[in-house]
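Here's what TrEMBL has on this protein:
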- 1-33: signal peptide (SIGNAL)
- 39-146: domain 'Gnk2-homologous' (DOMAIN)
- 148-247: domain 'Gnk2-homologous' (DOMAIN)
- 264-285: transmembrane segment (TRANSMEM)
C-alpha cells in the first residue's frame, strides 16, 4: 500500500512560529542596542558539591534566580535568603545576592542580570554554590550564609601584555588613582592625567570591610601585574581596575558592535525570506490540492519521497541551522 507523507498544518505552524521567534529575538537585539560590553564574561566559580535534580535545593535555586531577575528591574543590588537553617545541605537553604556595576542604568542592569541568571545554570549545573561575574554585573549563591562576611580571596586577575616600566609619571598617576579608589565605600571612578580606574565593593560589606577589601585588591594590582599598562583584580567581595588612557580603544568596541549588527541583519534578512517562502509553499500546496488523485499517484510513484516530506525535512534542517547560528551569535556576545 502506497503511503504518502504530507506537510501537516501543525508542522507548518510550529516551523513558522519558531522562525518568527528567531526573527523577534534578533530584531529586538539589533533595534534596542543591546549593551554588549556589560555582558562580557569575566569569570565563574562552581562548588564541587552537587545537588540532586528535583530536590528542595533545586526548587530554591530556581526561586532565587527568578527573584534576582525580577528585582533587578528595580534595584542594582539585592541579597536574599531562602529556607531555614544553614547547616545541612538537605534542608534546601540558599543565600545569595546580585549587584550591578555602579555606572550601569537600571535597564542595562536588569538585562545583564537576566543574562547572568541564564548562564549560571549552564556554567555550574547542580552546584550547591556558584558565582558568575560579567563585565556589568555579578551574582552568587551558596547553601551556607556568607552575606556580610568579609572574604578577600582572589577570584580573577588580568594584566595587559603592554607595559610602561620606564614611565615614572605613569606610576605616579597610577598610584594616585589607586589611592583614591581605595577610599571608596561603594563604586568610584577616578583619573589622574592619562590614567583612569574604578573600583566597587559588594553591597553587603560595611565601610570598614570594604576599605580592607579594596586595600587588598589594590595591593594585588601592583604586585601581580607590576608595570602593566592596564590590570583587573577581582576578589570575592570587591574589585579594582586601572588602565592607561587609550588602552581600551573605543573604535575596537564599535567595530565589534558593528560586526554583531551586520551579522544580526544578515540572519534577520535570511529568516524573513524563508518565512515568505513557507507562505508561498503553503499557497502552492493548496493549488496542487486541486490536481486529480491519479496525477498525485503518478507523482508519488516516480519520486522516492513525496514533495511534502522533502519540504518538511528541508525546513526542519534549515530551522535547526538557524537556531545553531543564533546560539553561536549569542555565545559570541555572551560568552561563558
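Yeah, the Cβs are placed from backbone N, Cα and C, and that goes for glycine too.
The domain 'Gnk2-homologous' (39-146): residue composition by secondary structure is 38 helix, 32 strand, 38 coil, according to DSSP. Across the residues of the domain 'Gnk2-homologous' (39-146), the predicted structure has a mean pLDDT of 91.
Counting residues of the domain 'Gnk2-homologous' (148-247) by DSSP class, helix then strand then coil, yields 34 helix, 34 strand, 32 coil.
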